[in-house]
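*Asks:* Here's a structure for you.
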Amino acid sequence: MYYDPSTLSNINEIQTSHIGLNLRVDFEHKILDGSVTLRLITIADNVNKVILDTKSLIIKSVSQDGKQLKFNLNNEIDCFGATGLHIELEKPLATGTKFELEISYNTTIQGTAIQWLEPSQTVGKKHPYLFTQCQEIHARSLLPCQDTPCFKITYSANIQVPHPLRALMSAISVGEEEINDDKSKLYKFEQKVKIPSYLIALAVGNLAGKEIGPRSTVWSEPEVIQDAAWEFEDTEKFIAIGEKLLTPYEWKKYDLLVLPASFPFGGMENPCLTFITPALIAGDRSLVDVVAHEVAHSWTGNLVTAANWEHFWLNEGWTMFLERKIIGRLYGEKESDFHSIIGLSELEEDVTVFGEDNPLTALQPVLKGIDPDDAFSRVSYEKGYNFLYHIQQVVGGPEFFEPYMKAHIEEFAGKSIITDDWKNFLYSFMEKTFGSAKKDALDKIDWNGWLHSPGMPPLKNEFDQTLSEECNKLAERWNLARNNENFKEFSPADIEKFTTLQKMAFLDRLLEFPPFPHSSIVAMDKAYNFTTVRNVEVCYRWQKVCLLAEYEPMFPHVVKFVTQQGRMKYVRPLYRMLKNTKKGSDLAKKTFTENKSFYHPIAATMIERDIF
C-alpha cells in the first residue's frame, strides 16, 4: 500500500510511468496551453476510474484511444487543489493493464507553480520570463498528474515559445525547430531517468549559455552570464567528489540556470538543470556551497527519493550531509565543521520561530491535512544532518559510514523510500559488513527522540571550533562594551582576515545576546561597513541585528533588500522582524502589499501568512 497524505490521486489503483507534454507558452494571457499524455498502469483489479491531482487548471477534454471520456472536476477546497480530477474509464480494467490518457488543458494565472515576469522584472528589461517551482505539491497547478513522490516517472516535452526566447527544462534537450513562419520555436526535451513529479521544471526567457565544465553549462540572461560563469566554475569539482563518494553521475548533464531575483529559494535541484538565485553571485565564490548542495541532490533526493513529505529529511538531511562531505574534501574538515556550526544556529532560529513543542519540528512530522509548505524549515536539513552525523560517530566514524553511504545509493537508486526502509538497510549493512557490534551500537541511539520528538536534537554534536573562536571572542567583546561611551577599541582590522563564513558566524553570535544599544550599532557599522556589504548572507544577518535593536535608520535598507530579491530564507524572517518592531509593522505590511507581484506565488503566500 502506498501512502501520501498530500495527494488526492488513487495511488493504490493507478500508477503513472511516463508523462508527455505538448504546450504553447502564451505570455499575453499568462497561460500554458496544450495537452498532456499520461502513460498509466493499473496496480489493482477492477479499476474503473482515474483520479488526478489538479489545482487552478482548466480541463478541456479527456480521451483514451481517441474516444472522449467523462470527467468531473470539483471546486477547489484547499492547498491540495480540487478534490481531484475524476475520470471515468470506459470499462473496468484488470491489474497490470497499460493504457494512455490524453488531457487537453491550460494553466491559469492563479496557479502556484508558475511565476510570470514582466520585462521590467528581468535584468534585461526587454523580454518577459517565466519559471516554475513544483516542490512540494505545485506540479498539480502545472499539469494534471499524480502529484506524489511515491511514484517516479520519465517525461518528454515539446514546448512552443515566441521568438527570440528559449525554453529550458529539467531534462535533456533533443532538438529545436522553427515554426509559424519563424515567429516561434519548438524546443524538445526528454528525461529518461525516472523522477518524481515535483522535479518537472520549465523556464522560458531571453537566455544565454556558457560552458563551465565537461558536462555543465551555466544559463542566465545575457547581462549576467560572465559573472555567473566565473562564480560557478568549480561545479565540476563538486560532481567529481560526489562520484568518488557515491556512484557515477546518472543524469548526463549538470547545467545551472541563474533565475531572476524573485526565485524563492537558494537553489532547486531540478535534474539536468539546477535553478539558483542570483543572490549567490557574490563576486568572491563565497556562497557556492549552495551549488554543492544542489549537486549532492543528484544522488540524495533525485536518485533516492523520500516517498512522501513526512520523510522529507531523507532528501534534505542526507543532502546536507553529502554537501559537507564535499566541502570537507575540497576545503578541509575544519571548514566543513564550521558550516555545521552555522547550520546549527539556523536550526535553533527556526525551532524558536515554530516553537520548541511544535510537532512540525519533529524530523518525521505527521502531515495529514497539513500543507507541506507550512512544515518547510531548516529542521529537515540541519536536524537531519545532525542525525546522520551522530550515527556516523556511533558506528565508528567515516571509515565505516562512507562505505554505507555508497551502498545506500546503490540499494535505493531509482526508488522512493520511507524512513523505515532507510533504517532497515542501515542495520542490515552495518551488521553484514562490520559485524554484530555495529548493530549493538545502533541499538543505543535514541531513535524516537531523533525522529519523532519536536524541538532541537536530543543531543548536541561536537564540531571543531577553530574557525569560530575568533568570531565568538569578537562578539563577546562587543557585548561587554555595549554600555561604553566610546568604541575606540574596535576597528576594521577586527574582521580584516575574516572569511565570509566568519562574518556570518560573528553576526549570528551577536543575535544570541540581548538587543544592542543604538550607539553600539552605529559604532559597529562605522568600524565594519556592514550596511553597504554586497554579500547577501552578511547583509541579511546585519539587518537582523539592527531590527532586533529596533534601529530605525536600517528600515529603508531592509525594505530595499526584501524588494530586490525573493529568497524566502531572507525575506520571511526580515518581514517578520520588521513587523514585530514598534514602528515597523505598518511598513512591513505596506511594503509587501505594494510588491506582492514581485514574489513567486509560494513566497507571497507564506509572507502573507507571516505578517497579516
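Note that Cβ sites are derived from N, Cα and C of the backbone, with glycine treated the same way.
This is the feature table in TrEMBL:
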ACT_SITE  Glu294  active site, proton acceptor
ACT_SITE  Tyr381  active site, proton donor
BINDING   Gln133, Cys134, Gln135, Pro264, Phe265, Gly266, Gly267, Met268, Glu269, Arg567, Met568, Lys569  peptide binding site
BINDING   His293, His297, Glu316  Zn(2+) binding site
DOMAIN    466-611  domain 'Peptidase M1 leukotriene A4 hydrolase/aminopeptidase C-terminal'
*Asks:* Validating a neighbour-count step here. Other CB atoms within 10 A of the CB of the residue listed as 'active site, proton acceptor': how many?
*Replies:* 26
*Asks:* Calculate the distance in Å between the alpha carbons (Cα) of Glu316 (Zn(2+) binding site) and Glu269 (peptide binding site), and round it to a whole number.
*Replies:* 11
*Asks:* Enter the number of other CB atoms within 10 angstroms of the CB of Glu316 (Zn(2+) binding site).
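*Replies:* The Cβ of Glu316 (Zn(2+) binding site) has 23 Cβ neighbours within 10 Å.
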*Asks:* In sequence order, which residues at least six apart in the same chain have a CB under 8 Å from the CB of His293 (Zn(2+) binding site)?
*Replies:* Gly266, Gly267, Thr319, Met320, Glu323
*Asks:* Within a 10 Å radius around the Cβ, which one of these recorded positions has the most neighbouring Cβ atoms: Phe265, Tyr381?
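*Replies:* That would be Tyr381, with the highest Cβ count within 10 Å.
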*Asks:* Which one is closest to Phe265 (peptide binding site) in space, judged by CA to CA distance, out of the recorded positions Glu294, His297, Tyr381?
*Replies:* Glu294
*Asks:* Return the residues near His297 (Zn(2+) binding site), defined as same-chain residues 6+ apart in sequence whose C-beta is under 8 angstroms from its C-beta, sorted by sequence, else 'none'.
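*Replies:* Once residues fewer than 6 apart are set aside, His297 (Zn(2+) binding site) is near Glu269, Asn315, Thr319.
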*Asks:* Taking Cα atoms as reference points, which of the recorded positions Gln133, Gln135, Glu294, Met568 is nearest to Tyr381 (active site, proton donor)?
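*Replies:* Nearest candidate: Glu294.
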*Asks:* Taking the Cβ of Met568 (peptide binding site) as the reference point, list residues of the same chain whose Cβ is under 8 angstroms away and which are at least six residues distant in sequence.
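*Replies:* Once residues fewer than 6 apart are set aside, Met568 (peptide binding site) is near Pro264, Phe265, Ile602, Ala603, Met606, Ile607.
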*Asks:* Return the count of C-beta atoms lying within 10 angstroms of the C-beta of Gln135 (peptide binding site), excluding that atom itself.
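*Replies:* Its Cβ has 26 other Cβ atoms within 10 Å.
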*Asks:* What are the sequence-distant neighbours of Gln133 (peptide binding site), meaning same chain, six or more residues apart, C-beta distance under 8 angstroms?
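*Replies:* Set apart from Gln133 (peptide binding site) by at least 6 residues yet with Cβ under 8 Å, we have Ala113, Gln115, Ala201, Phe263, Pro264, Phe265, Met268, Phe275, His600, Ile602.
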*Asks:* Determine the minimum-neighbour residue: among Gly267, Glu269, listed as binding-site residues, which Cβ has the fewest other Cβ atoms within 10 angstroms?
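*Replies:* Counting other Cβ atoms within 10 Å of each of the binding-site residues Gly267, Glu269, the minimum falls on Gly267.
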*Asks:* Please average pLDDT over the domain 'Peptidase M1 leukotriene A4 hydrolase/aminopeptidase C-terminal' (466-611) for the predicted structure.
*Replies:* 96
